[in-house]
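Peer 1: Straight out of TrEMBL:
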SIGNAL    1-36  signal peptide
BINDING   Asp85, His193, Thr195, Glu361  Mg(2+) binding site
BINDING   Asp85, Asp366, His370, Asp407, His408, His494  Zn(2+) binding site
ACT_SITE  Ser135  active site, phosphoserine intermediate
TRANSMEM  558-575  transmembrane segment
Amino acid sequence: MRSMAFSTRFAPRRCLLLLLSGLLFVLICRVDRAQGASVYKSPNLDDARYWRRYAENYLKKVLTYDENRRMVPSAAKNIIIFVGDGMGIASLSTGRIYKGQLAGRSGEEEQLSFDAFSNTGFSKTYNTDRQVPDSAGTATAMFTGVKTKYGVVGVDYTITETNLEAAKVSSFIEWAQAEGKRTGIVTTTRVTHATPAACYAHSISRNYECDASVPVNMKNRVKDIARQMMEDAPGRNLNVVLGGGRNYFGASMPDHLKPSYKFQGAMEKTCIRTDGRNLVEEWRQRWNGTDAAYAWKTSDLRAVDLDKVEHLLGLFNDDHLSYEKVRDRTPDGEPSLSEMTEAAIRVLQRSNSPGFALMVEGGRIDHAHHQNHAHLALTEIVELDKAVETALNMVDLDETLVVVTADHSHAMTFNGYPNRGNDILGFGNRPNATPYETITYANGPGYLQHRWNSSSLLSEESTDWGTWIKLDKLNRSDVLYRHLSAFPLSDETHGGEDVAVFASGPGANLVRGTFEQNYIAYVMSYAGCIGPVKRLNTACDDGYRRASTKASGAPRPTISIVLVISLLLAIVRLVERK
(Lines of atoms letter the chains of each structure in order from A and count residues from 1; the text may use other names and numbers.)
(Lines give C-alpha, C1' and ligand atoms only; values in the text may rest on other atoms or scores of the structure.)
Protein backbone atom coordinates (compact mmCIF):
# COMPACT_ATOMS: atom_id res chain seq x y z
CA MET A 1 0.00 0.00 0.00
CA ARG A 2 2.80 2.34 0.88
CA SER A 3 4.45 1.67 -2.44
CA MET A 4 1.20 2.29 -4.32
CA ALA A 5 0.67 5.55 -2.46
CA PHE A 6 4.20 6.64 -3.30
CA SER A 7 3.63 5.84 -6.99
CA THR A 8 0.29 7.67 -7.12
CA ARG A 9 1.74 10.65 -5.30
CA PHE A 10 4.60 11.15 -7.79
CA ALA A 11 2.72 10.18 -10.98
CA PRO A 12 2.00 13.79 -12.08
CA ARG A 13 5.66 14.78 -11.59
CA ARG A 14 6.83 11.71 -13.48
CA CYS A 15 4.44 12.44 -16.34
CA LEU A 16 5.65 16.01 -16.46
CA LEU A 17 9.28 14.85 -16.63
CA LEU A 18 8.46 12.39 -19.39
CA LEU A 19 6.64 15.13 -21.32
CA LEU A 20 9.57 17.55 -20.99
CA SER A 21 12.01 14.82 -22.03
CA GLY A 22 9.90 14.08 -25.09
CA LEU A 23 9.77 17.77 -26.06
CA LEU A 24 13.53 18.04 -25.59
CA PHE A 25 14.08 14.98 -27.79
CA VAL A 26 11.87 16.42 -30.54
CA LEU A 27 13.72 19.75 -30.31
CA ILE A 28 17.09 18.02 -30.61
CA CYS A 29 15.88 16.06 -33.64
CA ARG A 30 14.64 19.28 -35.28
CA VAL A 31 17.99 20.98 -34.67
CA ASP A 32 19.78 17.90 -35.97
CA ARG A 33 17.69 17.93 -39.11
CA ALA A 34 18.19 21.67 -39.63
CA GLN A 35 21.93 21.60 -39.18
CA GLY A 36 22.52 18.27 -40.90
CA ALA A 37 26.12 17.09 -40.89
CA SER A 38 27.37 20.28 -39.21
CA VAL A 39 26.54 18.82 -35.77
CA TYR A 40 28.55 15.68 -36.47
CA LYS A 41 31.58 15.25 -34.24
CA SER A 42 34.71 13.67 -35.63
CA PRO A 43 35.56 10.32 -33.98
CA ASN A 44 39.15 11.58 -33.71
CA LEU A 45 40.56 14.32 -31.53
CA ASP A 46 41.72 16.11 -34.72
CA ASP A 47 44.45 17.86 -32.76
CA ALA A 48 48.03 18.13 -33.96
CA ARG A 49 49.13 15.13 -31.92
CA TYR A 50 46.52 12.88 -33.55
CA TRP A 51 47.47 13.83 -37.11
CA ARG A 52 51.19 13.51 -36.43
CA ARG A 53 50.63 10.06 -34.96
CA TYR A 54 48.56 9.03 -37.97
CA ALA A 55 51.20 10.18 -40.47
CA GLU A 56 54.04 8.46 -38.62
CA ASN A 57 52.07 5.21 -38.33
CA TYR A 58 51.22 5.22 -42.03
CA LEU A 59 54.87 5.90 -42.83
CA LYS A 60 55.95 2.93 -40.71
CA LYS A 61 53.39 0.76 -42.46
CA VAL A 62 54.77 1.72 -45.86
CA LEU A 63 58.33 1.13 -44.66
CA THR A 64 57.45 -2.46 -43.79
CA TYR A 65 56.62 -3.01 -47.45
CA ASP A 66 60.11 -1.86 -48.34
CA GLU A 67 61.72 -4.06 -45.72
CA ASN A 68 59.97 -7.06 -47.23
CA ARG A 69 61.24 -6.05 -50.67
CA ARG A 70 64.73 -5.32 -49.26
CA MET A 71 64.63 -1.73 -50.50
CA VAL A 72 67.81 0.27 -49.92
CA PRO A 73 67.34 3.28 -47.58
CA SER A 74 67.88 6.61 -49.32
CA ALA A 75 67.92 10.30 -48.51
CA ALA A 76 67.05 13.34 -50.60
CA LYS A 77 69.43 16.26 -50.52
CA ASN A 78 66.79 18.46 -52.19
CA ILE A 79 62.97 18.56 -52.10
CA ILE A 80 60.68 20.20 -54.65
CA ILE A 81 56.91 20.03 -54.21
CA PHE A 82 54.72 21.26 -57.04
CA VAL A 83 51.11 22.13 -56.19
CA GLY A 84 48.54 22.53 -58.93
CA ASP A 85 45.94 24.47 -56.98
CA GLY A 86 42.57 22.92 -57.82
CA MET A 87 44.14 20.37 -60.20
CA GLY A 88 41.81 17.42 -59.65
CA ILE A 89 41.73 14.22 -61.70
CA ALA A 90 39.40 15.69 -64.36
CA SER A 91 41.75 18.67 -64.68
CA LEU A 92 44.75 16.34 -65.12
CA SER A 93 43.04 14.33 -67.84
CA THR A 94 41.74 17.31 -69.80
CA GLY A 95 44.99 19.23 -69.28
CA ARG A 96 46.95 16.31 -70.73
CA ILE A 97 44.73 16.22 -73.82
CA TYR A 98 44.89 20.01 -74.18
CA LYS A 99 48.70 19.86 -74.08
CA GLY A 100 48.72 17.40 -76.97
CA GLN A 101 46.19 19.34 -79.00
CA LEU A 102 48.20 22.55 -78.62
CA ALA A 103 51.01 20.64 -80.35
CA GLY A 104 48.71 19.53 -83.15
CA ARG A 105 48.20 15.99 -81.89
CA SER A 106 45.07 14.07 -80.93
CA GLY A 107 45.84 14.58 -77.24
CA GLU A 108 44.58 11.44 -75.56
CA GLU A 109 47.94 9.67 -75.85
CA GLU A 110 49.87 12.69 -74.55
CA GLN A 111 51.94 12.54 -71.38
CA LEU A 112 52.48 15.17 -68.75
CA SER A 113 56.05 15.42 -67.54
CA PHE A 114 55.16 13.74 -64.25
CA ASP A 115 52.93 10.98 -65.63
CA ALA A 116 55.92 8.64 -65.78
CA PHE A 117 57.01 9.24 -62.17
CA SER A 118 57.88 6.01 -60.39
CA ASN A 119 55.23 6.31 -57.68
CA THR A 120 51.68 7.58 -57.43
CA GLY A 121 49.06 7.67 -54.71
CA PHE A 122 45.84 9.39 -53.70
CA SER A 123 45.44 12.09 -51.08
CA LYS A 124 42.25 12.61 -49.02
CA THR A 125 41.72 16.35 -48.93
CA TYR A 126 38.93 17.08 -46.44
CA ASN A 127 39.43 19.66 -43.68
CA THR A 128 38.73 18.77 -40.05
CA ASP A 129 35.42 20.64 -40.30
CA ARG A 130 34.54 20.37 -44.03
CA GLN A 131 33.96 17.52 -46.46
CA VAL A 132 35.06 19.80 -49.29
CA PRO A 133 38.13 21.83 -48.30
CA ASP A 134 39.79 25.14 -49.04
CA SER A 135 43.41 25.84 -49.98
CA ALA A 136 44.45 27.14 -46.56
CA GLY A 137 43.53 24.01 -44.64
CA THR A 138 44.85 21.66 -47.33
CA ALA A 139 48.16 23.51 -47.75
CA THR A 140 48.65 23.48 -43.99
CA ALA A 141 48.10 19.71 -44.01
CA MET A 142 50.56 19.12 -46.88
CA PHE A 143 53.30 21.36 -45.53
CA THR A 144 53.08 20.81 -41.75
CA GLY A 145 51.78 17.27 -41.37
CA VAL A 146 48.74 18.46 -39.40
CA LYS A 147 45.23 18.59 -40.81
CA THR A 148 43.24 21.62 -39.75
CA LYS A 149 40.01 23.44 -40.34
CA TYR A 150 38.74 25.54 -43.22
CA GLY A 151 40.27 28.99 -43.73
CA VAL A 152 43.19 28.91 -41.28
CA VAL A 153 46.91 28.90 -42.09
CA GLY A 154 49.79 27.24 -40.25
CA VAL A 155 47.77 26.39 -37.14
CA ASP A 156 45.87 23.34 -35.88
CA TYR A 157 42.11 23.13 -35.41
CA THR A 158 42.26 24.45 -31.83
CA ILE A 159 43.02 27.98 -33.06
CA THR A 160 41.06 30.84 -31.46
CA GLU A 161 41.60 34.58 -31.28
CA THR A 162 43.48 34.15 -28.01
CA ASN A 163 45.65 31.05 -28.43
CA LEU A 164 47.59 31.69 -31.63
CA GLU A 165 50.94 30.71 -30.15
CA ALA A 166 49.67 27.41 -28.77
CA ALA A 167 48.01 26.46 -32.07
CA LYS A 168 51.03 27.12 -34.32
CA VAL A 169 52.46 24.23 -36.32
CA SER A 170 55.80 24.23 -38.13
CA SER A 171 56.23 23.59 -41.86
CA PHE A 172 58.71 21.67 -44.00
CA ILE A 173 60.29 25.04 -44.87
CA GLU A 174 61.09 25.57 -41.20
CA TRP A 175 62.34 21.97 -40.89
CA ALA A 176 64.63 22.47 -43.89
CA GLN A 177 66.05 25.73 -42.56
CA ALA A 178 66.84 24.02 -39.24
CA GLU A 179 69.07 21.61 -41.20
CA GLY A 180 70.84 24.48 -42.99
CA LYS A 181 69.06 23.95 -46.30
CA ARG A 182 68.23 26.84 -48.61
CA THR A 183 64.51 27.48 -49.10
CA GLY A 184 62.14 29.13 -51.52
CA ILE A 185 58.57 29.56 -52.75
CA VAL A 186 57.33 30.27 -56.28
CA THR A 187 53.69 30.95 -57.17
CA THR A 188 51.46 32.52 -59.79
CA THR A 189 49.25 33.94 -57.04
CA ARG A 190 50.09 36.57 -54.46
CA VAL A 191 52.92 35.25 -52.32
CA THR A 192 50.66 35.91 -49.31
CA HIS A 193 47.85 33.75 -50.70
CA ALA A 194 46.71 30.61 -48.88
CA THR A 195 49.04 28.00 -50.38
CA PRO A 196 52.35 29.87 -50.16
CA ALA A 197 51.35 31.39 -46.82
CA ALA A 198 51.09 27.92 -45.28
CA CYS A 199 54.85 27.55 -45.86
CA TYR A 200 55.75 30.32 -43.42
CA ALA A 201 52.75 32.02 -41.74
CA HIS A 202 50.39 31.32 -38.84
CA SER A 203 46.96 32.95 -38.95
CA ILE A 204 43.41 32.42 -37.76
CA SER A 205 42.29 33.68 -41.17
CA ARG A 206 43.84 33.20 -44.60
CA ASN A 207 42.34 36.59 -45.52
CA TYR A 208 44.63 38.56 -43.21
CA GLU A 209 47.09 39.07 -46.06
CA CYS A 210 47.70 42.78 -45.45
CA ASP A 211 47.00 45.08 -42.52
CA ALA A 212 43.82 46.52 -44.05
CA SER A 213 42.15 43.10 -43.94
CA VAL A 214 42.81 42.53 -40.23
CA PRO A 215 39.83 43.55 -38.00
CA VAL A 216 40.45 46.53 -35.76
CA ASN A 217 40.06 44.48 -32.58
CA MET A 218 42.73 42.05 -33.81
CA LYS A 219 45.39 44.47 -35.07
CA ASN A 220 47.30 44.56 -31.79
CA ARG A 221 47.27 40.77 -31.45
CA VAL A 222 48.10 39.41 -34.91
CA LYS A 223 50.42 40.33 -37.74
CA ASP A 224 49.16 40.31 -41.28
CA ILE A 225 50.66 37.59 -43.48
CA ALA A 226 52.84 39.97 -45.50
CA ARG A 227 54.50 41.20 -42.29
CA GLN A 228 54.98 37.63 -41.08
CA MET A 229 56.89 36.86 -44.25
CA MET A 230 59.15 39.86 -43.85
CA GLU A 231 59.63 39.87 -40.07
CA ASP A 232 59.30 36.34 -38.70
CA ALA A 233 61.03 33.01 -39.25
CA PRO A 234 60.90 31.06 -41.46
CA GLY A 235 59.58 33.69 -43.92
CA ARG A 236 62.33 36.23 -43.34
CA ASN A 237 64.97 33.56 -43.99
CA LEU A 238 63.65 32.43 -47.38
CA ASN A 239 66.29 32.60 -50.11
CA VAL A 240 63.73 32.91 -52.91
CA VAL A 241 60.24 34.41 -53.05
CA LEU A 242 58.72 34.83 -56.52
CA GLY A 243 55.10 35.62 -57.34
CA GLY A 244 52.61 38.49 -57.13
CA GLY A 245 51.13 40.78 -54.50
CA ARG A 246 52.96 44.11 -54.48
CA ASN A 247 49.90 45.87 -53.03
CA TYR A 248 50.08 43.70 -49.93
CA PHE A 249 53.63 44.84 -49.23
CA GLY A 250 52.96 48.53 -49.89
CA ALA A 251 55.02 48.42 -53.09
CA SER A 252 52.44 48.81 -55.85
CA MET A 253 53.50 50.16 -59.24
CA PRO A 254 50.69 52.46 -60.43
CA ASP A 255 52.44 53.28 -63.71
CA HIS A 256 52.95 49.65 -64.65
CA LEU A 257 51.09 48.23 -67.64
CA LYS A 258 47.54 47.29 -66.68
CA PRO A 259 46.02 43.98 -67.84
CA SER A 260 43.91 44.01 -71.00
CA TYR A 261 41.16 41.90 -69.46
CA LYS A 262 39.16 42.51 -66.31
CA PHE A 263 38.31 39.18 -64.70
CA GLN A 264 35.50 38.75 -62.19
CA GLY A 265 35.21 36.77 -58.98
CA ALA A 266 36.23 36.82 -55.34
CA MET A 267 39.83 35.90 -56.22
CA GLU A 268 40.31 39.22 -58.05
CA LYS A 269 39.81 41.42 -54.97
CA THR A 270 42.91 43.13 -53.65
CA CYS A 271 44.14 44.69 -50.41
CA ILE A 272 45.99 48.00 -50.11
CA ARG A 273 48.16 48.60 -47.03
CA THR A 274 46.94 51.38 -44.76
CA ASP A 275 49.90 51.56 -42.36
CA GLY A 276 52.09 53.51 -44.81
CA ARG A 277 54.84 50.87 -44.77
CA ASN A 278 56.70 49.65 -47.82
CA LEU A 279 57.78 46.18 -46.76
CA VAL A 280 59.77 45.63 -49.94
CA GLU A 281 61.88 48.67 -49.25
CA GLU A 282 62.38 47.49 -45.67
CA TRP A 283 63.48 44.10 -47.05
CA ARG A 284 66.01 45.79 -49.34
CA GLN A 285 67.41 47.81 -46.47
CA ARG A 286 67.70 44.72 -44.28
CA TRP A 287 69.81 42.94 -46.87
CA ASN A 288 71.75 46.08 -47.81
CA GLY A 289 75.38 45.21 -48.47
CA THR A 290 74.64 41.54 -49.09
CA ASP A 291 73.95 39.62 -52.27
CA ALA A 292 70.22 40.36 -52.51
CA ALA A 293 68.05 41.43 -55.45
CA TYR A 294 64.49 42.62 -55.94
CA ALA A 295 62.67 42.25 -59.27
CA TRP A 296 59.29 43.63 -60.33
CA LYS A 297 59.31 42.77 -64.04
CA THR A 298 60.75 40.09 -66.32
CA SER A 299 63.77 42.13 -67.40
CA ASP A 300 64.71 42.66 -63.73
CA LEU A 301 64.65 38.91 -63.11
CA ARG A 302 66.77 38.20 -66.17
CA ALA A 303 69.33 40.78 -65.08
CA VAL A 304 69.98 39.08 -61.72
CA ASP A 305 73.14 37.00 -61.37
CA LEU A 306 71.20 33.96 -60.18
CA ASP A 307 74.27 31.85 -59.50
CA LYS A 308 75.60 34.34 -56.97
CA VAL A 309 72.64 36.10 -55.36
CA GLU A 310 71.77 34.84 -51.88
CA HIS A 311 68.29 36.33 -51.51
CA LEU A 312 65.88 37.00 -54.37
CA LEU A 313 62.48 38.68 -54.03
CA GLY A 314 60.33 39.04 -57.12
CA LEU A 315 56.84 40.58 -57.07
CA PHE A 316 55.64 40.87 -60.65
CA ASN A 317 52.08 42.14 -60.23
CA ASP A 318 50.21 44.32 -57.78
CA ASP A 319 47.87 41.37 -57.26
CA HIS A 320 47.96 37.80 -58.63
CA LEU A 321 50.05 37.23 -61.74
CA SER A 322 48.15 37.33 -65.02
CA TYR A 323 46.81 34.14 -66.54
CA GLU A 324 49.36 32.51 -68.81
CA LYS A 325 47.08 32.93 -71.83
CA VAL A 326 47.06 36.74 -71.50
CA ARG A 327 50.42 37.26 -69.80
CA ASP A 328 52.50 40.24 -70.99
CA ARG A 329 55.53 38.53 -72.50
CA THR A 330 57.55 41.72 -73.05
CA PRO A 331 60.58 42.56 -70.87
CA ASP A 332 58.31 44.92 -68.90
CA GLY A 333 55.82 42.12 -68.26
CA GLU A 334 55.63 39.08 -66.02
CA PRO A 335 57.78 35.95 -66.17
CA SER A 336 56.15 32.55 -66.67
CA LEU A 337 55.93 29.95 -63.93
CA SER A 338 58.58 27.85 -65.67
CA GLU A 339 60.97 30.81 -65.89
CA MET A 340 60.47 31.60 -62.20
CA THR A 341 61.05 27.93 -61.35
CA GLU A 342 64.33 27.93 -63.24
CA ALA A 343 65.45 31.13 -61.51
CA ALA A 344 64.56 29.73 -58.08
CA ILE A 345 66.49 26.49 -58.57
CA ARG A 346 69.55 28.37 -59.79
CA VAL A 347 69.53 30.51 -56.64
CA LEU A 348 68.94 27.53 -54.36
CA GLN A 349 71.51 25.15 -55.87
CA ARG A 350 74.86 25.76 -54.23
CA SER A 351 77.80 23.38 -54.04
CA ASN A 352 78.52 24.41 -50.45
CA SER A 353 74.93 23.88 -49.28
CA PRO A 354 73.41 20.76 -47.67
CA GLY A 355 70.55 21.07 -50.15
CA PHE A 356 67.31 22.99 -50.62
CA ALA A 357 63.52 22.82 -50.25
CA LEU A 358 61.26 24.54 -52.76
CA MET A 359 57.48 24.90 -53.14
CA VAL A 360 56.14 25.78 -56.60
CA GLU A 361 52.44 26.55 -57.05
CA GLY A 362 50.37 26.81 -60.21
CA GLY A 363 47.79 28.84 -58.34
CA ARG A 364 45.76 30.29 -61.18
CA ILE A 365 44.38 26.87 -62.18
CA ASP A 366 42.09 27.28 -59.19
CA HIS A 367 41.06 30.85 -60.01
CA ALA A 368 40.16 29.99 -63.61
CA HIS A 369 37.97 27.10 -62.46
CA HIS A 370 36.22 29.36 -59.95
CA GLN A 371 35.02 31.47 -62.87
CA ASN A 372 34.32 28.48 -65.17
CA HIS A 373 37.14 29.58 -67.51
CA ALA A 374 38.11 26.04 -68.49
CA HIS A 375 40.38 27.20 -71.32
CA LEU A 376 42.39 29.37 -68.92
CA ALA A 377 42.62 26.58 -66.34
CA LEU A 378 43.98 24.08 -68.87
CA THR A 379 46.55 26.59 -70.11
CA GLU A 380 47.73 27.02 -66.52
CA ILE A 381 48.07 23.23 -66.16
CA VAL A 382 50.20 23.04 -69.31
CA GLU A 383 52.46 25.76 -67.89
CA LEU A 384 52.76 23.93 -64.55
CA ASP A 385 53.74 20.83 -66.53
CA LYS A 386 56.41 22.90 -68.27
CA ALA A 387 57.68 24.10 -64.88
CA VAL A 388 58.01 20.50 -63.68
CA GLU A 389 59.87 19.60 -66.86
CA THR A 390 62.18 22.58 -66.33
CA ALA A 391 62.99 21.37 -62.82
CA LEU A 392 63.59 17.80 -63.96
CA ASN A 393 66.16 19.05 -66.47
CA MET A 394 68.02 20.96 -63.76
CA VAL A 395 68.21 18.55 -60.83
CA ASP A 396 69.65 15.11 -60.22
CA LEU A 397 66.86 12.69 -59.33
CA ASP A 398 69.37 10.53 -57.47
CA GLU A 399 69.45 13.26 -54.83
CA THR A 400 66.21 15.23 -55.34
CA LEU A 401 62.71 14.22 -54.31
CA VAL A 402 60.12 15.75 -56.65
CA VAL A 403 56.44 15.61 -55.64
CA VAL A 404 53.58 16.84 -57.84
CA THR A 405 50.09 17.04 -56.40
CA ALA A 406 46.99 19.20 -55.91
CA ASP A 407 45.54 20.68 -52.77
CA HIS A 408 41.96 19.92 -53.81
CA SER A 409 39.75 19.34 -56.82
CA HIS A 410 37.00 21.41 -58.48
CA ALA A 411 33.38 20.91 -59.50
CA MET A 412 34.42 20.34 -63.13
CA THR A 413 33.33 17.31 -65.14
CA PHE A 414 34.89 15.62 -68.18
CA ASN A 415 31.85 14.06 -69.82
CA GLY A 416 29.97 13.03 -72.95
CA TYR A 417 30.98 10.78 -75.84
CA PRO A 418 33.26 12.96 -77.97
CA ASN A 419 35.20 11.31 -80.78
CA ARG A 420 38.90 10.58 -80.42
CA GLY A 421 40.86 13.78 -81.07
CA ASN A 422 37.82 16.02 -80.56
CA ASP A 423 38.57 19.53 -79.32
CA ILE A 424 38.72 19.09 -75.54
CA LEU A 425 37.16 22.56 -75.18
CA GLY A 426 34.46 21.65 -77.71
CA PHE A 427 31.28 19.60 -77.67
CA GLY A 428 30.90 16.10 -76.27
CA ASN A 429 27.73 15.10 -78.09
CA ARG A 430 27.12 12.24 -80.47
CA PRO A 431 26.16 13.06 -84.07
CA ASN A 432 22.61 14.43 -84.46
CA ALA A 433 22.25 14.84 -80.68
CA THR A 434 21.69 18.01 -78.64
CA PRO A 435 25.13 19.64 -78.36
CA TYR A 436 26.76 20.11 -74.98
CA GLU A 437 30.33 20.85 -73.91
CA THR A 438 32.78 18.10 -72.99
CA ILE A 439 33.86 20.21 -70.01
CA THR A 440 31.04 21.45 -67.80
CA TYR A 441 30.76 22.59 -64.19
CA ALA A 442 28.36 21.63 -61.41
CA ASN A 443 28.04 25.28 -60.41
CA GLY A 444 29.40 28.76 -61.05
CA PRO A 445 28.85 31.91 -63.14
CA GLY A 446 28.83 29.96 -66.42
CA TYR A 447 25.16 29.28 -65.72
CA LEU A 448 24.28 32.89 -66.51
CA GLN A 449 26.44 33.21 -69.59
CA HIS A 450 24.51 30.41 -71.28
CA ARG A 451 21.10 32.02 -70.76
CA TRP A 452 19.86 33.78 -73.81
CA ASN A 453 18.61 37.36 -73.62
CA SER A 454 18.92 39.77 -76.51
CA SER A 455 19.94 42.67 -74.24
CA SER A 456 22.56 40.94 -72.11
CA LEU A 457 24.00 37.45 -71.93
CA LEU A 458 24.70 37.95 -68.22
CA SER A 459 21.28 39.27 -67.24
CA GLU A 460 20.01 37.66 -64.05
CA GLU A 461 16.49 38.92 -64.87
CA SER A 462 16.25 36.74 -67.94
CA THR A 463 13.79 33.89 -67.44
CA ASP A 464 14.08 32.13 -70.78
CA TRP A 465 16.81 29.67 -71.66
CA GLY A 466 18.51 29.99 -74.99
CA THR A 467 18.00 27.10 -77.38
CA TRP A 468 21.21 25.30 -78.21
CA ILE A 469 20.76 26.35 -81.83
CA LYS A 470 21.76 29.82 -80.68
CA LEU A 471 24.96 28.63 -79.05
CA ASP A 472 26.97 30.04 -81.94
CA LYS A 473 25.90 33.48 -80.76
CA LEU A 474 28.37 33.05 -77.90
CA ASN A 475 31.99 33.74 -78.79
CA ARG A 476 33.59 30.56 -77.47
CA SER A 477 37.07 31.76 -78.42
CA ASP A 478 36.79 34.84 -76.20
CA VAL A 479 39.21 34.91 -73.26
CA LEU A 480 36.29 35.71 -70.95
CA TYR A 481 34.14 32.81 -72.20
CA ARG A 482 32.73 30.55 -69.47
CA HIS A 483 31.77 26.92 -69.82
CA LEU A 484 28.26 25.93 -68.83
CA SER A 485 27.48 25.29 -65.18
CA ALA A 486 24.38 23.57 -63.82
CA PHE A 487 23.74 25.87 -60.86
CA PRO A 488 24.28 29.66 -60.62
CA LEU A 489 26.96 30.86 -58.21
CA SER A 490 29.16 33.93 -58.44
CA ASP A 491 32.18 31.66 -57.82
CA GLU A 492 32.32 27.94 -58.58
CA THR A 493 33.14 25.68 -55.64
CA HIS A 494 35.91 23.21 -54.97
CA GLY A 495 35.40 19.46 -55.35
CA GLY A 496 35.85 16.99 -52.50
CA GLU A 497 37.24 13.89 -54.22
CA ASP A 498 40.76 12.55 -53.67
CA VAL A 499 43.60 14.06 -55.68
CA ALA A 500 46.61 12.39 -57.24
CA VAL A 501 50.14 12.52 -55.81
CA PHE A 502 53.12 11.81 -58.10
CA ALA A 503 56.66 11.29 -56.78
CA SER A 504 60.13 10.61 -58.15
CA GLY A 505 63.56 10.52 -56.55
CA PRO A 506 64.72 9.40 -53.08
CA GLY A 507 61.68 8.72 -50.91
CA ALA A 508 59.27 8.41 -53.85
CA ASN A 509 58.58 4.82 -52.80
CA LEU A 510 56.75 6.21 -49.75
CA VAL A 511 53.98 7.57 -51.98
CA ARG A 512 51.58 4.69 -52.43
CA GLY A 513 48.00 3.83 -51.58
CA THR A 514 45.32 6.25 -50.44
CA PHE A 515 46.32 8.38 -47.48
CA GLU A 516 45.42 11.46 -45.51
CA GLN A 517 46.83 14.63 -47.05
CA ASN A 518 49.02 15.47 -44.07
CA TYR A 519 51.09 12.35 -44.80
CA ILE A 520 52.78 14.23 -47.66
CA ALA A 521 54.70 16.38 -45.16
CA TYR A 522 55.99 13.22 -43.49
CA VAL A 523 57.19 11.85 -46.82
CA MET A 524 59.26 15.03 -47.21
CA SER A 525 60.43 14.82 -43.59
CA TYR A 526 61.59 11.21 -43.86
CA ALA A 527 63.11 11.47 -47.34
CA GLY A 528 64.77 14.84 -46.80
CA CYS A 529 66.17 14.13 -43.32
CA ILE A 530 64.28 17.08 -41.91
CA GLY A 531 61.59 17.52 -39.28
CA PRO A 532 59.74 15.05 -37.08
CA VAL A 533 60.53 11.64 -38.64
CA LYS A 534 64.07 12.05 -39.94
CA ARG A 535 65.11 9.83 -37.02
CA LEU A 536 63.39 6.89 -38.69
CA ASN A 537 65.53 7.10 -41.84
CA THR A 538 68.84 5.26 -41.39
CA ALA A 539 70.11 6.97 -44.54
CA CYS A 540 70.06 10.26 -42.60
CA ASP A 541 72.81 8.98 -40.32
CA ASP A 542 76.16 10.64 -41.10
CA GLY A 543 78.01 7.35 -40.85
CA TYR A 544 75.67 5.73 -43.34
CA ARG A 545 76.08 8.61 -45.76
CA ARG A 546 79.87 8.42 -45.62
CA ALA A 547 79.78 4.69 -46.29
CA SER A 548 77.34 5.06 -49.17
CA THR A 549 78.11 5.91 -52.75
CA LYS A 550 75.78 7.83 -54.99
CA ALA A 551 75.67 5.17 -57.67
CA SER A 552 75.11 2.10 -55.56
CA GLY A 553 73.79 3.26 -52.21
CA ALA A 554 76.39 0.98 -50.48
CA PRO A 555 74.42 -2.24 -49.97
CA ARG A 556 74.76 -3.34 -53.60
CA PRO A 557 78.55 -4.03 -53.50
CA THR A 558 77.90 -6.06 -50.33
CA ILE A 559 75.39 -8.18 -52.22
CA SER A 560 77.92 -8.62 -55.05
CA ILE A 561 80.63 -9.79 -52.63
CA VAL A 562 78.23 -12.33 -51.11
CA LEU A 563 77.46 -13.67 -54.57
CA VAL A 564 81.16 -13.97 -55.46
CA ILE A 565 81.95 -15.80 -52.21
CA SER A 566 79.04 -18.16 -52.77
CA LEU A 567 80.27 -18.89 -56.29
CA LEU A 568 83.83 -19.61 -55.06
CA LEU A 569 82.54 -21.99 -52.39
CA ALA A 570 80.49 -23.84 -54.99
CA ILE A 571 83.60 -24.22 -57.19
CA VAL A 572 85.66 -25.51 -54.25
CA ARG A 573 83.00 -28.13 -53.42
CA LEU A 574 82.87 -29.20 -57.05
CA VAL A 575 86.65 -29.64 -57.15
CA GLU A 576 86.62 -31.62 -53.89
CA ARG A 577 84.01 -34.03 -55.28
CA LYS A 578 86.17 -34.71 -58.33
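Note: Cβ is positioned from N, Cα and C throughout, glycine not excepted.
Automatic prediction, not curation, is the source of TrEMBL annotations.
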Peer 1: Taking each of Ser135, Asp366, Asp407 in turn, which of these recorded positions have a Cα lying within 10 angstroms of the Cα of Thr195 (Mg(2+) binding site)?
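Peer 2: The recorded positions close to Thr195 (Mg(2+) binding site) (Cα within 10 Å), listed in sequence order, are Ser135, Asp407.
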Peer 1: On a count of neighbouring CB atoms within 10 A, which of the binding-site residues His370, His494 is highest?
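Peer 2: Comparing the binding-site residues His370, His494, the most crowded Cβ belongs to His370.
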Peer 1: Where His370 (Zn(2+) binding site) and Asp85 (Mg(2+) binding site) are concerned, what is their Cα separation in Å, rounded?
Peer 2: 11
Peer 1: Just to verify a number: CA distance, Asp407 (Zn(2+) binding site) to His193 (Mg(2+) binding site), in angstrom, no decimals.
Peer 2: 13
Peer 1: Taking the Cβ of the residue listed as 'active site, phosphoserine intermediate' as reference, which residues of that chain separated by at least 6 in sequence fall under 8 Å from it?
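Peer 2: Listed in sequence order: Asp85, His193, Ala194, Thr195, Arg206, Asp366, Asp407, His408.
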Peer 1: In sequence order, which residues at least six apart in the same chain have a CB under 8 Å from the CB of Glu361 (Mg(2+) binding site)?
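Peer 2: Result: Phe82, Val83, Gly84, Asp85, Ile185, Val186, Thr187, Thr188, Thr189, Thr195, Pro196.
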Peer 1: If the Mg(2+) site is taken as the center of the Cβ atoms of Asp85, His193, Thr195, Glu361, which further residues of that chain fall within 8 Å of it by their Cβ?
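Peer 2: Leaving out the recorded residues gives Val83, Ser135, Ala139, Thr187, Thr188, Thr189, Ala194, Pro196, Gly362, Gly363, Asp366, Asp407.
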Peer 1: Which is it, of His193, His408: the one of these binding-site residues whose Cβ has the most other Cβ atoms within 10 Å?
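Peer 2: Sorting the candidates by Cβ neighbours within 10 Å, the top entry is His193.
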